[in-house]
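**Student:** Sharing a structure, written as structure tokens. Questions coming.
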Amino acid sequence: MQNTAEQNAAQQNASTTKVALVTGAGQGIGRGIALRLAQDGFDIAVADLDFQAEKGAGVVKEIQALGRKAVFVSADVSERDQVFAAVQTATDVLGGFDVIVNNAGIAQVKPIVDITADDLDKIFRINVNSVVWGIQAAAAKFDELGHKGKIVSAASIAAIQGFPILGAYSASKFAVRGITQAAAQELAPKGITVNAYAPGIVGTGMWELIDEKLSEINGKPLGQNLKENVDGIALGRIETPDDVAKVVSFFAGPDSDYVTGQVLLVDGGMLYN
Ligand SMILES: NC(=O)c1ccc[n+]([C@@H]2O[C@H](COP(=O)([O-])OP(=O)(O)OC[C@H]3O[C@@H](n4cnc5c(N)ncnc54)[C@H](O)[C@@H]3O)[C@@H](O)[C@H]2O)c1
Ligand SMILES: CC(=O)[C@H](C)O
């Protein structure tokens, strides 16, 4: 049977339009990544916790205004079944699955001597287990769809050098680095690349919280801890979500096809390797 021009066009679109799922995309760095990948031509699943649904819907509208398809998916990334369900929803609604960005994460601001078992359990479930679930869900979906894919996760400067009073957080981000290196080697035979971005001091809700908690601990005025950290950045300004999104765009796109297992510092010049 001969295809009509319309069928050909639909097939062409299905084979060229790519789908990315970004976790923690209701605000901050995740929102920046979702918008950038939409500009790159991806249709986007905006995943976040249920209480972020309104913000997520706003990001969906921003993506649609860029001419791409988008959907909000409610998911707690610490729950394996919710991550798998989010990948399935993205595939069903957007018609494919090519990239996962395991971006969602939390910070905890506490001296090591005060960290509890519950603290560690919580931060590892959200920052580390989530990355494993995201890798598993994406790799299974790429297999099912019979193509390669890209997995990108959020590390941090705290994945390269321990950050004082962010000990549990640093440990969780070191773990993301280890998982990224291991998964890259395991999944390379399938043509799946696994990389991570390591931002420095990004002006989001996370640093508002870190600054506030540090100030409670060390008595410095609000804004002072943030300022001191920004003062140490060689490029002389605080980082924006867009600065981070440019690196994720590279990892999600074809220019990084020969790059895997890497954790790329995007910190304006704080750490050097
Ligand atoms: N802000 C920084 O300076 C900085 C620096 C380095 C790395 N990072 C990392 O970048 C990522 C994004 O940070 P941000 O600054 O945008 O933080 P943010 O707090 O502004 O946003 C985090 C998002 O993740 C979501 N989230 C939290 N727990 C979740 C869960 N269990 N399931 C699903 N979503 C959840 C939140 O609802 C929120 O929308 C994090 O992994 C963070 O560790 C941030
Ligand atoms: C929050 C974060 O990862 C760095 C320490 O700014």
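In case you wondered, yes, glycine gets a Cβ from its N, Cα and C as well.
From a predicted model like this one, the values you see are computed outputs, not experimental measurements.
Relevant sequence annotations retrieved from TrEMBL are reproduced here:
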- Y169: active site, proton acceptor (ACT_SITE)
- 27-29, D48, 76-77, N103, Y169, K173, 199-204: NAD(+) binding site (BINDING)
**Student:** Within 10 Å of the Cβ of K173 (NAD(+) binding site), how many other Cβ atoms can be counted across all chains shown?
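**Tutor:** Cβ-Cβ neighbours of K173 (NAD(+) binding site) within 10 Å number 28.
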**Student:** Using C-alpha atoms only, work out the spacing between Y169 (active site, proton acceptor) and G200 (NAD(+) binding site) and round it to an integer in Å.
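**Tutor:** Between the Cα atoms of Y169 (active site, proton acceptor) and G200 (NAD(+) binding site), the distance comes to 14 Å.
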**Student:** Determine the most Cβ-crowded residue among the binding-site residues I29, V202, using a 10 Å radius around each Cβ and all protein chains in the structure.
**Tutor:** I29
**Student:** Same chain only, sequence gap of 6 or more: which residues have a CB within under 8 Å of the CB of G200 (NAD(+) binding site)?
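**Tutor:** Long-range Cβ contacts: I157, I233, E239, L265, V266, D267, G268, M270, L271.
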**Student:** Ten-angstrom check, please: count other Cβ atoms within 10 Å of the Cβ of Y169 (active site, proton acceptor), all chains counted.
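**Tutor:** So the number of other Cβ atoms within 10 Å of Y169 (active site, proton acceptor) is 25.
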**Student:** Through the lens of DSSP with three states only, how would you label T204 (NAD(+) binding site)?
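**Tutor:** T204 (NAD(+) binding site) sits in coil per DSSP, no helix or strand.
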**Student:** I'd like the number of other C-beta atoms within 10 A of the C-beta of D76 (NAD(+) binding site), please.
**Tutor:** 18
